[in-house]
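Comments concern the structure below.
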Amino acid sequence: MLKQLYLVAVTSRLITIGLAILTYYFTGSYDSSAEIQLETTSKHVLNVFLRWDALYFLHIAEHGYIYEQETAFFPVLPLLSRALTHSVFLPLRQILGTKYTLLLSGVTIANVSFVLAAGALYKLTLALLPGNKRLAYMSSIAFCLSPPAMFMSSFYTESLFAFLTFTGMTYIAQKKYFTAALLWGITSAIRSNAIIYSGFFYYDLIWTRLIKRQHITTGILKSILYTLTVCSGFVFFQYLGYQRFCSLDRQWCTEKIPLLYSFVQKEYWGNGFLAYYEMKQIPNFLLAAPIIALSVLGLKEYVKSNPSRFLSIGLMSGQKSTTVEDQSYTSPKLSVYMYLWVFLLLYVVTSMHIQVIIRFFTSLPPLYWFVGDVWIKAFKEKRSVVFANIILGYFVFYGLTGIVLFSSFLPPA
């Protein structure tokens, strides 16, 4: 089944890339930023992958961090792209040139990571619910049909971040906490939200033991150590940013905690609490509405299975789950992932560019578990067929539309 899943993942990438290239050659590019950066006026097949954030990643991979606003984009992906360019893809530099080889390296990393992420989600689901291979498979299929298809196949961090996220979560499920912390330490130098994963250690090593009235002293010490490990990539990058860009005339340098990332997000990208709540952003809220609605419905489905257990964070056990429920979407084993879903949903809705939720949630397992569960039920219950088809239609429609718009260098980004 895993081999079949990898085949689906590879096929989904080939279709995505094929449609993108066709669109680019037939419609061209609305914006010439890619051609300017690549110093070309011709329609090179790789131009289609250089859109929006990818422009920054390519510039960083080639030149390092030149401008302050570039620090919004973390270093691991550009470093990996550079490493691949100067090793495996070294012969291609003579044919494509450095810029195009760096771009090809980034695209290769993204697509390989995507295929690996599909398998990692499957393994994570089985680690948590070993008796439900069907949910593991259908959830991973949902990942393969993820709406921001083109972003997952371009010089972006989404696929790599999802792969390392799912793999780290699998280590958590296997109680390999230090391995997970080391992996997420790297992940926090890919995207900042990896530091949130420290919560898994506190939940497993402290909270669950408190509920069982077990000693927590060792759990507290280990959780602190693991948190420091997870945050190490993020903190080190902030330190490098301080050394590189901090000067007396920059306000953020004089703060008690001179955090470059927070400053850049607010100064250059307009992120902040309720900062996006403007009339002109209504179209972007409408764009995000389906994923927000899907999240609310998924959380509602989980909570109603045992409200007291969920709302009390496990303090009140509520009704005892059956063997079937223990291996299903409503299993108590998935509760910590549901809390993560709630936290990230509230954060995106209040403090980020709302349309980014579609990409931001690509590394969120419970979203795919819910979709997979709905699709499985559609085979058994007629009343679930309509909802299942609506989700499938949305995934496919948004994915195809997104490919066309991305390839033409048109929003949303």
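From the backbone N, Cα and C atoms, a Cβ is placed for every residue, glycine too.
Database features (TrEMBL):
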type: TRANSMEM; residues: 5-26; note: transmembrane segment
type: TRANSMEM; residues: 100-122; note: transmembrane segment
type: TRANSMEM; residues: 134-157; note: transmembrane segment
type: TRANSMEM; residues: 177-203; note: transmembrane segment
type: TRANSMEM; residues: 224-242; note: transmembrane segment
type: TRANSMEM; residues: 282-299; note: transmembrane segment
type: TRANSMEM; residues: 336-354; note: transmembrane segment
type: TRANSMEM; residues: 386-410; note: transmembrane segment
- [ ] Using a Cβ distance cut-off of under 8 Å, indicate which of 5-26, 100-122, 224-242, 386-410 has the most pairs with the transmembrane segment (282-299).
- [x] 386-410
- [ ] Please figure out which one of 5-26, 134-157, 177-203 racks up the most CB pairs under 8 Å against the transmembrane segment (386-410).
- [x] 134-157
Open item on the list: If we skip the immediate neighbours and take only residues 6+ beyond the ends of the transmembrane segment (177-203), which ones have a Cβ under 8 Å from one of its Cβ atoms?
Closed with: 74-77, 157, 160-161, 164-165, 167-169, 171, 222-223, 225-227, 229-234, 236-237, 261, 336, 339-340, 343-344, 360
